[in-house]
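To keep things clear, I will list the structure first and then write my remarks on it.
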Amino acid sequence: MSGLGIMVLALLLLVFMATSHQDGGGKQATQRDAINVRRRRSITRRVVTETCKEYCEDRDKTCCGLENGQPDCANLCLG
């Protein structure tokens, strides 16, 4: 009976290890996608024109780029 118990415990341990390994891969992929979105946003959003700079400087803010054709001003640009 103890041999059968050890085999069952070993099988449960293997199943647990296999499922936790799969979950870890999913989490990694999600984190990697989130990082890629942040990089893409920061690259595409930083289109700053002189008009935007002047518009935001008049309001004592920083130009973060154009949003829907309008200057996007903020104290600190995020993303």
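Any Cβ shown, glycine's included, is placed from N, Cα and C.
Under the DSSP three-state reduction, Cys52 (disulfide bond) is assigned to helix. The disulfide bond annotation in Swiss-Prot covers Cys52-Cys64 (among others), and the record cites similarity to another entry as its basis.
In sequence order, Cys52, Tyr55, Cys56, Arg59, Lys61, Thr62, Cys63, Cys64 are the residues of the chain that are 6 or more apart from Cys73 (disulfide bond) and have a CB within less than 8 Å of its CB. If you look up Swiss-Prot, you'll see Cys56-Cys73 (among others) marked as disulfide bond.
According to Swiss-Prot, the disulfide bond annotation covers Cys63-Cys77 (among others). Here the Cβ of Cys77 (disulfide bond) has 16 other Cβ atoms within 10 Å, regardless of which shown protein chain they belong to.
The leucine amide feature in Swiss-Prot is assigned to Leu78; the stated evidence is similarity to another entry. The DSSP secondary structure for Leu78 (leucine amide) is coil.
Under the heading signal peptide, Swiss-Prot lists 1-20.
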In DSSP terms, helix, strand or coil for Cys73 (disulfide bond)? strand
Among the disulfide-bonded residues listed here (Cys56, Cys64), identify the one with the smallest other-Cβ count within 10 Å. Cys56
